[in-house]
Amino acid sequence: MIRVIRAEFVRTKNTTVAYFPLLGFVLAGMGILTGYSDAGRGAWQALYVTGMAAPLMALLSGLPEKREKTCREGGTGTRPVSPRLIRGGRLIVLLIILAAMLACDFGTLLMPVAWVCAWIGAAGLVALFGVISRWIGLIPALLVAVVWQVTGTLTAEHPLWILLPPTWAVRIMLPVLGVHSNAVPLDPGDPLATESPTTAAVLCLVSAVLAATAYVLIAAPRTRPDRSTAPITSHTGTWTAEPAADLRKGRASAGAALNHALLRTVLTPLTLGALALIAVAGSWTADLAVHLILPLGCGVAAVVTWTALQPAWRITVHRTRRVIPGVIVWLDVLVAAMGLGTDAVLALRGTPLPEVLRVSGLLIVVGTVMVTAALALCVRTGPGAVIVATVFLTVLSVTLGGSVLADTALWLPAMPAWPLTATGGRLPVALIMGTALLIVSTGLAHRELRRAAAR
């Protein structure tokens, strides 16, 4: 088993998973710099528990599954080693990395009890989302994790929380951190302040054992071999010479090629679903579009786009270099469509025209900046870093842009929330900074796409 764990550490080296502990330092540093570590004994850590834990665990366990699927398990299927032993070693390594990340977060703030409780609550999620990623893929597993996190946070203080597994990892941390599920500090006489985390800890440990067992025993689905009995035919006649294809026609159809490749991906149903969600959101239309769909959508769009184009990228660019700016324009048009869709819904609901133009304009500017920056990061480092940044920006948008902090200077770092917070004298600042960032991010995306074709 020691050799298996050592081999798994070698596989993990220099991957995004190996840098997960740095996230702990980021969270601890933000708590120290903003002075929130004294309010409710760590409000930034509460934001991790109530807003980021499940998506990050899905990413932590999903990236190795994606890696193993890409490299076909590294040839271990033909070696004299048990696949279950390999999966067990992989889970142990992931739990060690999880402990290191939480130590960098809670340990830096001298909160050892919170560190242990956070690890107990997250261990089962790592195994659970590992199995889900193994069967349905990283992006769908991440979406499931977002729903899991939202459900757990909203119902963490429900009287029947003990019957709802998504609440357990959140509930165990509330009395330890001294906060409600919305990260507001508990009152001294609140019953939750004196509640013992033992019950939630036992539930988390039981679920962790069950999830770990499933992680080890359940293998990845295998594609069935083709059992077709159709006879194989061969050509016995003569071939007729045909004129060579016009390469200029191929160069002119770069846009059609991108549409053919990308419209068949998961982007199409996700975009239609997001527009439908915005249409039925009622008074929450702007908040939903800005705080959730904008940051998550830009990250997912960049990852899905590059995943679809990467296998044939070199030959595609060799055929026509127009595809490089074409990819950037395609994503920008997608963001613009989402912005115009939000604009139409707001207008139909009677929002004043100046407000509609301000929100939709900033939504398009901020969205194009984020999607081009995400594309550049994805091409250079892979989808892992993009998804981490996406989750972080989503929580940052809700935290700084969706609270009283939006009235302070902290509105500026919360760029995804600019469509809602950049009002009055802030509007010119947001437009100037957004335009400058768009120029920079577009240039970076173009450079990384060009370099990827040359590698």
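Each residue, glycine too, has its Cβ placed from N, Cα and C.
Per TrEMBL, the feature transmembrane segment maps to 16-36 (among others).
The transmembrane segment annotation in TrEMBL covers 42-63 (among others).
Under the heading transmembrane segment, TrEMBL lists 91-113 (among others). Listed by sequence, the residues of this chain that lie at least six past the ends of the transmembrane segment (91-113) yet keep a Cβ under 8 A from its Cβ atoms are 5, 8-9, 12, 17-18, 20-25, 27-29, 31-32, 37, 41-42, 45, 48, 57, 60-61, 64, 119, 122-123, 126-127, 130, 176, 212, 215-216.
Annotation comment: TrEMBL describes 119-148 (among others) as transmembrane segment.
Among the features that TrEMBL reports, transmembrane segment is placed at 160-180 (among others).
Feature annotation from TrEMBL assigns transmembrane segment to 200-218 (among others). Same-chain residues lying 6+ beyond the ends of the transmembrane segment (200-218) with a Cβ under 8 Å from its Cβ atoms: 84, 87-88, 91, 117, 120-121, 123-128, 130-131, 134-135, 162, 165, 168-169, 171-172.
Taken from TrEMBL, the feature transmembrane segment applies to 261-282 (among others). The list of residues near the transmembrane segment (261-282) in space but at least 6 beyond its ends in sequence, with Cβ under 8 angstroms from a Cβ of it, reads 139, 288-289, 293, 297, 300-301, 304-305, 308-309, 330, 334, 337-338, 341-342, 345, 349.
Look at TrEMBL and you will find 288-309 (among others) tagged as transmembrane segment.
Positions annotated as transmembrane segment by TrEMBL: 329-348 (among others). Within the chain, the transmembrane segment (329-348) has long-range Cβ neighbours (under 8 A, six or more residues past its boundaries) at 255, 258-259, 262, 267, 271, 274-275, 278-279, 281, 285-286, 289, 293-294, 297-298, 301-302, 305, 355-357, 359-361, 363-364, 367-368, 371-372, 375.
If you look up TrEMBL, you'll see 360-379 (among others) marked as transmembrane segment.
Under the heading transmembrane segment, TrEMBL lists 386-406 (among others).
Residues 328, 358, 361-362, 365-366, 368-369, 372-373, 375-376, 379, 411-412, 418 of the same chain sit 6 or more residues outside the transmembrane segment (426-445) yet have a Cβ under 8 Å from a Cβ within it. The annotation transmembrane segment is assigned in TrEMBL to 426-445 (among others).
Counting same-chain residues at least six beyond the ends of the transmembrane segment (119-148), those with a Cβ under 8 angstroms from any Cβ of the stretch are 49, 53-55, 57-66, 91, 94-95, 98-99, 102, 166, 168-170, 172-173, 200-201, 204-205, 207-208, 210-212, 214-215, 218-221, 266, 296, 300, 303-304, 383, 387. Residues 139, 142, 146, 261-262, 265-267, 270-271, 274, 277-278, 281, 316, 327, 330-331, 334-335, 338, 342, 359, 363, 366-367, 370-371, 374-375, 377-379, 383, 386-387, 389-390, 393-394, 397-398, 401-402, 416-417, 419-420 of the same chain lie 6+ residues outside the transmembrane segment (288-309) yet bring a C-beta within less than 8 angstroms of a C-beta in it.
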